[in-house]
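Straight from TrEMBL, the features:
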COMPBIAS  237-253  compositional bias 'Basic and acidic residues'
DOMAIN    34-227  domain 'TLC'
REGION    230-261  region 'Disordered'
TRANSMEM  6-23  transmembrane segment
TRANSMEM  43-62  transmembrane segment
TRANSMEM  74-91  transmembrane segment
TRANSMEM  112-137  transmembrane segment
TRANSMEM  197-223  transmembrane segment
Amino acid sequence: MAPPGLLVAGASFLAFRGLHWGLRRLPTPELAARDRWQWRNLCVSLAHSLLSGAGALLGLSLHPQMAADPIHGHPSWALVLVAVSVGYFLADGADLLRNQTLGKTWDLLCHHLVVVSCLSTAVLSGHYVGFSMVSLLLELNSACLHLRKLLLLSRQAPSLAFSVTSWASLATLALFRLVPLGWMSLWLFRQRHQVPLALVTLGGIGLVTVGVMSIILGIRILVNDVLQSRPHPPSPGHEKTRGTRTHRDDGPVTRDNSTLSLKDYREAMGPSLGEVGPGQGDEGLPCTVPHRGEGQTGSSASRFLFQLTHIPSPC
């Protein structure tokens, strides 16, 4: 008989695929009509982030033993929440394969594969559920990033709602992304002799990578949404970096070639035209707002910031 966790993951997969199907039957906002699939994908991703992020926060608040003993201490429903997330990532991967080319989604598919592998360890073994619940706190920040992209897709930037969402993205990035990543890294280091070497190596590489990406993520949101939204007087050396033009079946779009290819990093950047963008899936959407100049480069400090926040995509 299959483990209960696998049955829950399978049911979750069907439920999220069904949600995709159901959203196809609902009207898409007029401003987002050009990118109906991405609108649906982001809505499903937002639903998962709210469910898993809020569930993890509530669970850790009511059952602090999951943080005190991340390997063995957990209530039975916590395993269910982890299994639901496994089903979501599998469903999102299927959605990417169905609607996008492999060349545009390979990085997101790799991301989903790593996440499913890590969470499945908890689902199949019944151990490390508490550790997995802490990792799901990152979904609270992902919810803000998904909402930010939905506002961009519906041409709600700049607006009060977009500004509030940008600041919320920065706040939750610090509180629910960097803090949990730091805690998990410290715990893994302290328990390196009790945890199998393969898991320590895999977890360590993943945590370092996501940690660095999260710092860059915060800088990008701060620069694009806060600093560059303020008016600057013209000065010598002021330059603008314009997006390249490309075409899709539904018309010309603008492509931001500076987008880094991991899921939550794309979430921070908003529309990255012509490619998936954090899970196309959850992570990317065609730009539907005019491309702004990327900032001033008139001084050495600003040139450094410009270079730091315009890392070319490895894709």
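Backbone N, Cα and C atoms are what each Cβ position is placed from, and that goes for glycine too.
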Query raised in the report: Near the transmembrane segment (112-137), which same-chain residues lie under 8 Å Cβ to Cβ, leaving out any that are not at least 6 residues past its ends?
Result: 3, 5-6, 8-9, 52-53, 55-57, 59-60, 65-67, 69-74, 78-79, 81-83, 85-86, 89-90, 92-93, 96, 176-177, 180, 183-184, 187, 199, 202-203, 206, 279
Query - For the domain 'TLC' (34-227), mean pLDDT (0 to 100) - result: 89
